[in-house]
Amino acid sequence: MASLVSLELGLLLAVLVVTATASPPAGLLSLLTSGQGALDQEALGGLLNTLADRVHCANGPCGKCLSVEDALGLGEPEGSGLPPGPVLEARYVARLSAAAVLYLSNPEGTCEDARAGLWASHADHLLALLESPKALTPGLSWLLQRMQARAAGQTPKMACVDIPQLLEEAVGAGAPGSAGGVLAALLDHVRSGSCFHALPSPQYFVDFVFQQHSSEVPMTLAELSALMQRLGVGREAHSDHSHRHRGASSRDPVPLISSSNSSSVWDTVCLSARDVMAAYGLSEQAGVTPEAWAQLSPALLQQQLSGACTSQSRPPVQDQLSQSERYLYGSLATLLICLCAVFGLLLLTCTGCRGVTHYILQTFLSLAVGAVTGDAVLHLTPKVLGLHTHSEEGLSPQPTWRLLAMLAGLYAFFLFENLFNLLLPRDPEDLEDGPCGHSSHSHGGHSHGVSLQLAPSELRQPKPPHEGSRADLVAEESPELLNPEPRRLSPELRLLPYMITLGDAVHNFADGLAVGAAFASSWKTGLATSLAVFCHELPHELGDFAALLHAGLSVRQALLLNLASALTAFAGLYVALAVGVSEESEAWILAVATGLFLYVALCDMLPAMLKVRDPRPWLLFLLHNVGLLGGWTVLLLLSLYEDDITF
């Protein structure tokens, strides 16, 4: 009987040994949770080879410093002095996983610990630290970032896992909240060749801000002021009333306070919005609530202060043009803009009707005043002061409305003066003189408004129908345009064509700079900018043509001056494409053009327009209002929606 019992015990022991040694290298997580099976020397050797391939040291490959005996030594109680067994049982998988993670995060230090016999004790210490639920996620994040710093051989195509996935796998395997289960899942992914997507802990962002900009807690007022200056916020960053973001962005950044003990792998990592939300455990579906926004703020501050995202190169723009395409498309767009000057010929299409040309020219003259003043106040002034950048930040266009109030004040006095002249009793001689108001009693036969009016006699003396050619019609309606002996003009009116041409030339040069810079960026930006320039150049050039005609120039002279000033846009275009023009230089050019426009419109065009006499004053008053309000409306819409023109 005794021999039979001994035989049964021997068979049972043999079965157990065979079971322990013959277990296949299953997943470490399933091996840990089942508590059955073991890892033999072959499986451990393969695991150690994988670990050696996944890390690199500061001076190159780390080399293989861990042996199978070191791994088997993890299966004996610390200080037992017993030799390692032939296999590593399932109950020691948690310690093996912790020890492997230590090697992946710090290969040099782990090799020294293994030689000193401290590898197992340090693995137990790591497991003890991660057992706290509050320390598990931050601890894993710290380990993964160290592993990323030491990782070798990773490619962008490798499947990456993050901490939430590791936690879910541990829960699914029946080890919720277990540090050993999470580390075993991590080691399974190491064996399968996965990479790891680590994220910093929420506290890291707060610590970064305080370590870099505060010598103590809480942060002092001076330190907060320095922090706000670096971020470009606060009163000092917006000291001038124009809120010029261009100046704030060009200011040299305040250097970070160097701290040797606060450096981290995360200091140079640029995080996406999804990464930031994941770091704080926020769901993409739920979004960011006001309460969560307060938590996210340190992360955004850290990204701004560290400059991690500023050094990354931008991806190539798909719609960028080649150098030859920039010149081709830019030249075509500028040519179309220059053809606006030729549209002045439209004024001659209605000369078949007596008196119509006079009112057409007066309408376009008022349109020129509205377009030029609107362009200077609503369009160019915001660009000069850098106020157009506010539209990119989602702010309300409040500066535009304030500038519109300036034009409203101008329009109020315009109405007051016109209504005052219309409602008061008029001199009978004004009615007899006709639409031009040429009275023999007014300054030698010419009033101050003579340049902006047509001769009265020609409007009252029609020519026979058989003499109605276009040239005759122009001469009939406005003989001073074709007469080789022009009428006598006042000195200020003789200067008006040159001032209009000079202002147009400077403005068109600046437009060419803008078009060239836009096409250098992309064809979409170039097309949008060209359309915007065309919108405000069309009424502007038509009005200028009318003003030049009324200043005593012939049709040919007015067209030549308009075309000459428009051609400067090509010079600006080629300068921008060839050498490039900075935003600051363009602002100075536009500032000079703004002053020229305001002087021409308010000191020359508007006073002369107000002194026009006509037998139908209310009709002329209506046409002047249509021109003024039309020009201002076009430029107001352009100023409000110019940045929204996209294709």
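Just so you know, glycine gets a Cβ as well, placed from its N, Cα and C.
Here Swiss-Prot flags 1-22 as signal peptide. According to Swiss-Prot, the topological domain 'Extracellular' annotation covers 23-327, 381-402, 519-526, 580-586, 639-647, on the basis of a curator's inference. The disulfide bond annotation in Swiss-Prot covers C57-C62, C65-C111, C160-C195, C270-C309. Look at Swiss-Prot and you will find 328-348, 360-380, 403-423, 499-518, 527-553, 559-579, 587-607, 618-638 tagged as transmembrane segment. Taken from Swiss-Prot, the feature Zn(2+) 1 binding site covers H507, D511, H536, H540, and the record attributes it to a curator's inference.
The stretch from 499-518, 587-607, 618-638 that makes the most Cβ contacts under 8 Å with the transmembrane segment (403-423) is 618-638.
Ranked by Cα separation from C160 (disulfide bond), the recorded positions C57, C62, C111, C270, D511 are led by C270. Here the transmembrane segment (618-638) has long-range neighbours at 359, 362-375, 378-379, 400, 404, 407, 411, 414, 418, 422, 532, 535-536, 539, 543, 609, 612, meaning same-chain residues at least 6 beyond its ends whose C-beta is under 8 angstroms from one of its own. Across 499-518, 559-579, 587-607, stretch 587-607 shows the highest tally of CB pairs under 8 A with the transmembrane segment (360-380). Distant neighbours of the transmembrane segment (587-607): 365, 368-369, 372-373, 375-377, 380-381, 383-384, 386, 410, 414, 448, 452, 492, 496, 499-500, 502-503, 506-507, 509-510, 513, 547; these residues of the same chain sit at least 6 beyond its ends, with a Cβ under 8 Å from one of its Cβ atoms. For C309 (disulfide bond), other Cβ atoms within 10 Å of its Cβ number 12. C195 (disulfide bond) is 52 Å away from D511 (Zn(2+) 1 binding site) when you measure Cα to Cα.
Here the candidates are the recorded positions C57, C309, H507. The one whose C-alpha lies nearest to that of C65 (disulfide bond) is C57. In this structure the alpha carbons, written CA, of C309 (disulfide bond) and C111 (disulfide bond) are 36 Å apart. Cα separation, H507 (Zn(2+) 1 binding site) to C62 (disulfide bond), rounded: 66 Å.
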